[in-house]
Amino acid sequence: MQWRSIVVALVVLRLTVSCLLWLAFGLGPSWGFNFPLNFNFNLHKIELFKQDDGESAKANSWSQRIHGHGDAQCRTSCASKEDSPKKSYLSLFEGDRDEYDRRYSSFPDTLKIKMKGMAKDMFYFGYDNYMKYAFPEDELNPIDCQGRGPDVLNPSNININDVLGNYSLTLIDTLDTLLVLGNVSEFHRAVKLVIDTVSFDKDSTVQVFEANIRILGSLISAHILLTDPKHPFGNVGLVDYDNELLHLAHDLAVRLLPAFENTSTGIPYPRVNLKSGVPPDSINETCTAGAGSLLVEFGILSRLIGDSTFEWVARRAVRALWKLRSNETGLLGNVVNIQTGQWVSKQSGLGAGMDSFYEYLLKSYILFGEKEDYRMFQASYESIQNHLRRGRESCNEGEGDPPLYVNVNMFNGQIMNTWIDSLQAFFPGLLVLNGDVEEAICLHAFYYAIWKRFGALPERYNWQLQAPDVLFYPLRPELVESTYLLYQATKNPFYLHVGMDILESLEKNAKVRCGYATLHHVVDKSKEDRMESFFLSETCKYLYLLFDDDNPLHKSENKYIFTTEGHVVPIDKRFREKQWNDLSPCEKCDRIPEERRYSLPLKSVYMRQIDHMVGLF
């Protein structure tokens with residue numbers, strides 16, 4: 001019958017193709033990136049092509065099946081692989097090497113201006129609709145065009161109640177973004193609204209970490225911008241301003257202090273009620289990032305008002321966590337009991353629950369010049385490189401898989417799962433601040449490849465299955481932040497293309513009637529009716545700054561850093577004894593060779609390899 005002939009022909013064709021692939025590369029019909037679970041890399045000696053009796057040894061790498069044993073039928077019926085020249089598996093990705101160069105090697109000024117305008121319009125579409133439909137509530141529901149406050153009917157809804165405190169969150173979180181966009185008049189209006197309408201004397205139970213980075217950090221930043229005569233935006237002072245934002249920040253910080261009381265370790269409770277203190281039913285468990293990422297905001301506040309209390313409790317928490325690290329690996333876990341000091345979650349990684357702990361070790365040193373902070377960061381960084389990092393030793397040279405930082409057991413360094421989360425996309429930016437630009441380039445390229453595939457970053461991505469584990473994307477800024485910092489470090493037009501891709505994806509997939517909505521599902525692009533405050537505070541801010549080379553922040557002789565919520569803070573002698581240039585950990589920042597400054601930051605062969613690893617082709 002005809003259908004049988006067709007089947008036979010297809011089988012013959014499949015075997016023929018399999019044999020040809022085996023002859024060329026040792027690939028059978030099962031070829032694909034189904035990454036193995038057993039990572040056992042020696043980062044300083046990656047041996048991928050040991051031969052044993054004519055058979056390729058199995059390599060402990062993502063691409064194990066590329067180097068694997070191929071199709072059994074080919075090994076028995078086809079010519080020996082030894083009869084053909086041995087080829088690097090990277091040759092699979094060489095193809096048209098100029099494809100990436102053609103796409104990314106230049107970015108016209110006219111297009112840059114257009115993208116800058118697009119980022120500005122994106123911000124104002126969200127901000128104006130928040131002010132029109134939501135203020136004074138905390139957030140905008142952009143689909144229904146309504147405001148959102150705490151979920152008072154369901155106190156256990158911590159996804160909402162940890163963040164929303166009935167204190168005009170989005171307006172406060174957005175203050176310094178208005179100045180970054182050059183809108184002094186709206187900045188003044190927003191400051192007056194905050195002064196006139198915001199109070200923290202609320203029966204609201206909020207997460208200490210979120211209130212710190214979103215509210216306290218923004219109030220401090222806006223206060224500094226208003227009062228610092230050296231600020232690049234010029235004299236943006238407000239007539240009759242009497243430090244009201246600083247007083248509000250102080251009041252909020254005092255209301256957060258009970259979290260640090262009555263804990264055996266000095267590690268704070270995760271939540272407080274702004275009116276009554278720690279709730280009687282509060283849990284004794286907190287994540288490392290939540291407890292250990294308070295030092296920047298609390299430290300600046302202490303130095304502004306001359307009261308060491310706030311910096312002292314924040315620094316005590318960091319030291320307490322640091323003492324609990326593993327003696328074997330030097331790693332910390334994800335969740336700890338604040339009374340016993342026992343680790344509840346032994347997972348160690350760079351994403352949710354741990355990310356900003358490492359970020360603030362470095363940024364605290366940059367801001368305050370305390371050598372203790374940098375010693376902790378250096379030791380943490382060494383442990384991260386020794387136990388979390390997988391892949392070839394060099395980002396832009398050699399064989400092997402691209403660098404990837406995985407989740408491991410803090411006590412033995414063994415992999416605990418095969419997913420990474422979107423918050424980890426902040427790490428390339430931190431690598432830039434530490435001077436490791438080459439490493440930042442490779443890790444950033446991996447997250448950008450995931451974005452290209454889905455038009456968003458899924459909350460969790462399974463690198464073994466090449467599929468999202470958690471499908472939503474709440475408009476997070478981490479990839480944009482790293483893109484911006486890499487562009488500032490390299491001035492490579494590649495990162496402008498990345499920013500344009502992100503902008504266009506957000507416009508296409510997230511824009512709704514009154515703002516930009518969380519993507520419920522990165523594949524089918526269904527939406528949730530929520531626009532978190534960090535979309536305006538960070539995502540839009542970094543996108544705008546990426547395309548605004550002439551922004552005063554880039555032209556100023558003064559140095560600035562961004563908090564983990566994207567708030568602008570100066571490197572100021574008021575906060576540290578020595579100037580930035582004397583103690584900067586970024587002495588190696590200019591590590592990109594001049595001849596590569598305007599070529600692709602990552603070689604085409606490696607970019608194609610990463611794209612393939614996330615299933616782009």
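Cβ atoms here come from the backbone N, Cα and C positions, even for glycine.
Over in TrEMBL, the protein carries these features:
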ACT_SITE  GLU210  active site, proton donor
ACT_SITE  ASP355  active site
ACT_SITE  GLU459  active site, proton donor
ACT_SITE  GLU478  active site
BINDING   THR564  Ca(2+) binding site
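This view paints the features noted in TrEMBL onto the structure.
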{"residue": "GLU210", "record": "active site, proton donor", "contacts (Cβ under 8 Å, 6+ apart)": "ASP162, VAL163"}
{"residue": "ASP355", "record": "active site", "contacts (Cβ under 8 Å, 6+ apart)": "ALA289, LEU423, GLN424, PHE426, PHE427"}
{"residue": "GLU459", "record": "active site, proton donor", "contacts (Cβ under 8 Å, 6+ apart)": "ASP421, SER422, PRO468, VAL470, LEU471, PHE472, TYR473, PRO474"}
{"residue": "GLU478", "record": "active site", "contacts (Cβ under 8 Å, 6+ apart)": "SER422, LEU423, GLN424, ALA425, PHE426, GLY429, LEU457"}
{"residue": "THR564", "record": "Ca(2+) binding site", "contacts (Cβ under 8 Å, 6+ apart)": "ILE213, GLY217, SER293, VAL296, SER356, GLU359, TYR360, LYS363, PHE426"}
